[in-house]
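**Student:** Residues or ranges marked as NADP(+) binding site in Swiss-Prot (evidence: sequence analysis): Arg48, Arg54. Among the features that Swiss-Prot reports, FMN binding site is placed at Arg125, Ser126, Ser127, Asn238, Ala239, Gly278, Lys293, Pro294, Thr295, Ser296, Ser297, Arg319.
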Amino acid sequence: MSGNTLGTLFTVTTFGESHGPAIGCVIDGCPPGMALNEADIQFELDRRKPGTSRHVTQRQEEDKVEILSGVFEGQTTGAPIALLIRNTDQRSKDYGNIADTFRPGHADYTYWQKYGIRDYRGGGRSSARLTAPTVAAGAVAKKWLREKFGTEIHGYMAALGEIDVPFVDWAHVRENPFFAPNAQIVPQLETYMDALRKDGDSIGARINVVASGVPVGLGEPLFDRLDADIAHAMMGINAVKGVEIGAGFASIAQRGSVHGDELTPEGFVGNHAGGVLGGISTGQDVTVSIAIKPTSSIRTPRRSIDKAGQPVVVETFGRHDPCVGIRATPIAESMLALVLIDHALRHRAQCGDVAVSTPKIAASAP
């Protein structure tokens, strides 16, 4: 099975399965000399970990990270950084009834057809459990970007099912389990999720992510455009079915006189481009939105087939997120951080000595 590595100069290779002894990743290409300890990574993992509210999976994983290599006396050495997260609360017996059947909307059928073998325990390699190593690697990337450029990456839930979540303030995001930027709407979200869980069903979500303090010049046209790599990484998150950069699909209805962000000596007027022009960062906020589909593992009876191709009815029991989007915010933030650090290192390698007389204008005009 290939396709387990992200990045060019700053690479992340993840490993493990949902019900295996451990999951983790190996980071290669991290610059030396950055202060790093397990607490730096644990903070981000705690934002993603399961069992934090009644609205997410009740699997109780501590998600305690162990740094196995690449850090000496509290600093990165430039060697590969191996990060390990042990699985401690597997309940594989919950999946015995789907060993020979395929859950609708899940990777069961395609994994079986492609590899001829499938770890049915919690989805194995296809499980959202494997986003934990991504978040761990993203914590390293976030720290380097923050210290090098002052880059800050924050996300929030913009919609839960048919409920739009109007943005009020970033301060609200860390105060509720939905990562909602609006405290007043949280009771409505809780009521909605309680009813959904009672019905044995699931729902999708929309997550917005913003990276501020991104330097101008990141991105490699034509096929390694910054926005192309962002979309590639975001689609690598379990259950993501759509990605928008900037105005995204709303650009269809915008005229050029509106969509094109004007430049003035004082700064850009607007950011419909989402901080990327021609595949290269403008120095403005990089804005990304992702659509997350409903969880495939639900108690509602669904039609499917077994390995023999015979019709069956599938009901999935066990501990599942009725909406994986609730815990997706730190995952999306991490993916964006991994793309940005990789392109920052690539830009430094090729164009670090480039200088032009044109001044860099502000991200937004006053």
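Each residue, glycine too, has its Cβ placed from N, Cα and C.
Remember, predicted model here, so these are calculated numbers, not experimental data.
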**Student:** Round to the nearest Å and give the CA-to-CA distance linking Arg125 (FMN binding site) with Arg48 (NADP(+) binding site).
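**Tutor:** So the alpha carbons of Arg125 (FMN binding site) and Arg48 (NADP(+) binding site) sit roughly 18 Å from each other.
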**Student:** Quick check on the binding-site residues: of Arg48, Arg54, Lys293, whose CB has the lowest count of neighbouring CB atoms inside 10 Å?
**Tutor:** Arg54
**Student:** Rounded to the nearest angstrom, how far is the Cα of Arg48 (NADP(+) binding site) from the Cα of Lys293 (FMN binding site)?
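**Tutor:** Cα-Cα distance, Lys293 (FMN binding site) to Arg48 (NADP(+) binding site): 18 Å.
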**Student:** Could you say which of the binding-site residues Ser127, Ser297 has its Cβ with the most other Cβ atoms inside 10 Å?
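**Tutor:** Selected residue: Ser297.
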**Student:** Rounded to the nearest Å, what's the C-alpha distance separating Arg54 (NADP(+) binding site) and Ser297 (FMN binding site)? Just drop the number here, would you?
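**Tutor:** The separation of the Cα atoms works out to 17 Å.
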**Student:** Taking only the Cα atoms, work out how far Ala239 (FMN binding site) lies from Arg48 (NADP(+) binding site), in Å, as a whole number.
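**Tutor:** Cα of Ala239 (FMN binding site) to Cα of Arg48 (NADP(+) binding site) measures 16 Å after rounding.
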**Student:** Hey, how far is Arg48 (NADP(+) binding site) from Ser297 (FMN binding site), Cα to Cα, in Å?
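**Tutor:** Rounded to a whole number, the Cα-Cα distance is 19 Å.
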**Student:** When you measure from the Cβ of Ala239 (FMN binding site), how many other Cβ atoms are you left with inside 10 Å?
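**Tutor:** Taking every protein chain into account, the count is 22.
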**Student:** Long-range neighbours only, meaning 6 or more apart in sequence with Cβ under 8 Å: which ones does Thr295 (FMN binding site) have?
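**Tutor:** Counting only residues 6 or more apart in sequence, the Cβ neighbours of Thr295 (FMN binding site) under 8 Å are Ser202, Ala239, His320, Asp321, Pro322, Cys323, Val324.
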